[in-house]
Each structure stands twice: as structure tokens, then as C-alpha cells.
Amino acid sequence: MRLLKSQSILRIANSYVIDTPEPANISYLWNFGSLLGVCLIIQILTGVFLAMHYTPHVDFAFNSVEHLHIARGLYYSSYKEPRVLLWSIGVIIFIVMIATAFLGYVWGGFSVNNATLNRFFSLHFLLPFLLAALVVAHLIALHTHGSNNPNGISGNGDRIPFHPYFVFKDLVTIFAFLLVLSIMVFYYPNVLGQLLPFYAILRSIPNKLLGVIAMFGSLLILLILPLTDLSVIRGSQFRPLMRLAHWFFVVNFFILMWIGACHPTTPYLEIGQVATVIYFSWFLIIVPIIGIIENTAFDVANEQNKNLSK
């Protein structure tokens, strides 16, 4: 431990992964961040080795855990101040990750020449290193204000060191994840469900250009969530309406995933269009309205308490 604190570089690493204080009440839902780090390391290492032989590789693991990581952030309102920058960097990581996966599927086209294949493969190989740089920025932003917690309360009152408490907690989920990943890699290597919801949004609009804009908009809309969530209350666990809306969003997301795997014919096309409208309405209409209702109820309750105290 003395060595870790004597060298400048090691001292920085020590402050991030050993001595950093974390809320004592964070649950296993906060372990998805460390799982994403493991996935990124696996993706980069396997990409380097596979690039030597240019054989297909699997990178669905990062994507599947990323969805869960974002879902936890949505439920506990981790996008609110003072973690807006942390959330924004995470959304950018998500978009770059999808671009990385998409560039690996170049052979889906009708005609692909050598130049196109080489450029796509180069970008597919290089983008994970950009992801690594963004992850470092993500960790710096996380270290600035610390992790959110189920109570949504910021403070230094009830915090414990990251090591050994959360290190061993992360190891439990890492070993469990590696077991599930091994089963998927060896027995179900062609699982491609991570891009299906956004593919369903792309197909739901007849115009190709508008479909592409809608697909990118479905990703970029995550960036405006800190602005559209007007509620003064942090976390869906204390917001019954928002909790219901959150699970409604999750169900709609899985419907989009199912529609993305279906042929674009009736009734799947119409269901996809309805689910797409619901997806965008959740961010632009449902979340702001719930925030206004909650703020109004909160103000009324405060006024009643003031009148009773007089």
C-alpha cells in the first residue's frame, strides 16, 4: 500500500480503485459498470489477436450489459445534476459502441469491394481504442462527484472504501458474467439482439433518410433527458408514476427488439411504428409531464405542512 501512494501514477490509480469512497448502500445494480470495463478489455484484446488472422469475432457481450447499465441509470435518475457530464459521456460511449458493432457487419451488403472492406475493418478495429479513451473520461467524471446510490442522496456521511468491499462484490458478478458469456460464445455465438430495437425504429419510417435520422435520434435523445426530467425528486424508487413509466419504457423497448427480428410486413410494421412513437414520446412528453405533476404535488404538500405548522 505504501508503494501505491509513493509513485504519482500509482497514487492516481490507488485513488480511483482502492481508496475512493463509495456509498455503502449501493447494490449489485452498480456492478454493471465494472462488467462493462471487463467487456471492453475482452473486446480490445480479442480484437488485437483476431486482427492477426482476420476471423469473425463476437462483441455482443458489451452491448447487452450496456443496455442494463443504462436502464439502471434511467431508473435511479443518474443523469441529474451533478452527473450530467458523466451521463453524456456514457451516451457517447454507447453510440460509439454501436458504431463499432455496426462496422463489423459489413458483409451484409449486396456488393462490398476490397477497399470498403479494408476501411470498415480499420474503423472497426480502431474505434474500441476511442472507446477506451472515452471510458477514462467517464471514470474521471465519475470520480469527480462519486457514484449515485439508491437513495439519491449525495454526501460523505455513509461511505466506505472501494477496496476491499466493492472489489470482492464486483468479482462475484464478473465470474458469473464470464460463465454466462462462455455459454453464449461456445453455444449461441450468433446472438445479435443488441441492435434490433434501433433497427426496428429505422424500418418503421418508410422514408429512408427520415428512418436514419430517427435511428440516430433514438440514441441522441438520451442526452436531453437531464433537461426533460423536471422533477425535483431523484430516483424512480421514490416516484410511483415514474416507476410505472420506467417499466412501461422497458416493455416497449423489448417490443422494439422483437419487431426488429420480424419481417417488415403487416402487422409487425404497424406495431413497430406505434412502439417508435411511444419511445420518443416517453422522453419528450411522458417524462416532462410526470415531473410537472410531481413538482405540483410536492408544492401542495409543502403548503399544507406550512399551514398546519402555523
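Positions of Cβ are set from backbone N, Cα and C atoms, glycine also.
As recorded in TrEMBL:
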DOMAIN    1-151  domain 'Cytochrome b/b6 N-terminal region profile'
DOMAIN    152-301  domain 'Cytochrome b/b6 C-terminal region profile'
TRANSMEM  28-52  transmembrane segment
TRANSMEM  84-108  transmembrane segment
TRANSMEM  120-144  transmembrane segment
TRANSMEM  165-189  transmembrane segment
TRANSMEM  209-232  transmembrane segment
TRANSMEM  244-261  transmembrane segment
TRANSMEM  273-293  transmembrane segment
Quiz item: DSSP says what for the domain 'Cytochrome b/b6 C-terminal region profile' (152-301): how many helix, strand, coil residues?
Solution: 114 helix, 3 strand, 33 coil
Quiz prompt | Chain residues outside the transmembrane segment (244-261) and at least six past its termini with a C-beta under 8 angstroms from it | solution = 71, 74-75, 193, 195-201, 203-204, 236, 268, 271-272, 275-276, 278-279, 282, 286-287, 290
